[in-house]
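S.K.: Just dropping this structure here.
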Amino acid sequence: MIKIVDYGLGNIQAFANLYKRLHIPVVVARTADELAGATKIILPGVGAFDHAMARLNESGMREILESLVQKDKVPVLGICVGMQMLANSSDEGVLPGLGWVPGRVREFRNIPGLEGIAQPHMGWNDVKPVVSSGLFKGLETDARFYFLHSFFFECQNPDYSLASANYGLEFSCAVANRNVYGVQFHPEKSHDFGMTLLKNFSEI
């Protein structure tokens, strides 16, 4: 069963509605007991990195989430700030991330040459898979997704990058490390492209 982690941040209902349209059952988990037994996990998130990490830590679900993902190797998909939470740390805050995909979250304007770039990066952008992955099955060419963010994932090792987009520089907009996946864009706002990606995740 796919379970969506509801720790108070993220457009939970949008994901539930999309999976309903795909005729794929999901459960919204608000407690550790509700999250237990998940065979796939979606970790959404919006807002600031530290606020998201603090809310997750306070939710009572951090321990079971760590156990499911790290011990039982349950596939997890972090979305938007949920992807950023997979990193070790962020320019945006002081709290440590989950550290499941080694890397740091950087602000576009902190990159030399991008000090004056408009933030946030908002709207549709091309997404180019850089390696073959089941997450992007059927999305290998001409895929476009909706973005809304001012920070991006800088992988410690380029092998963790699944797909890239360009906004002043080429950046990793999708990452993976074994059973851990993350996407910076919003599949729930990306129409057929997003539905395809969420269906693909259900089949990983």
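Yeah, the Cβs are placed from backbone N, Cα and C, and that goes for glycine too.
Owing to the predicted nature of the structure, the values given are computational and were not obtained by experimental measurement.
Under the heading active site, nucleophile, Swiss-Prot lists Cys80, citing sequence analysis as support. The active site annotation in Swiss-Prot covers His186, Glu188. Among the features that Swiss-Prot reports, domain 'Glutamine amidotransferase type-1' is placed at 1-204, with the record citing sequence analysis.
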S.K.: Using a Cβ cut-off under 8 Å and a sequence separation of 6 or more, which residues in the same chain sit near His186 (active site)?
M.R.: Ile79, Cys80, Phe145, Tyr146, Phe147, Leu148, Gly194
S.K.: What count of other C-beta atoms do you get within 10 angstroms of the C-beta of Glu188 (active site), across all chains shown?
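M.R.: So the number of other Cβ atoms within 10 Å of Glu188 (active site) is 23.
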S.K.: With DSSP assignments reduced to helix, strand and coil, which class does His186 (active site) get?
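M.R.: In the DSSP reduction, His186 (active site) maps to strand.
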S.K.: When you measure from the Cβ of Cys80 (active site, nucleophile), how many other Cβ atoms are you left with inside 10 Å?
M.R.: 27
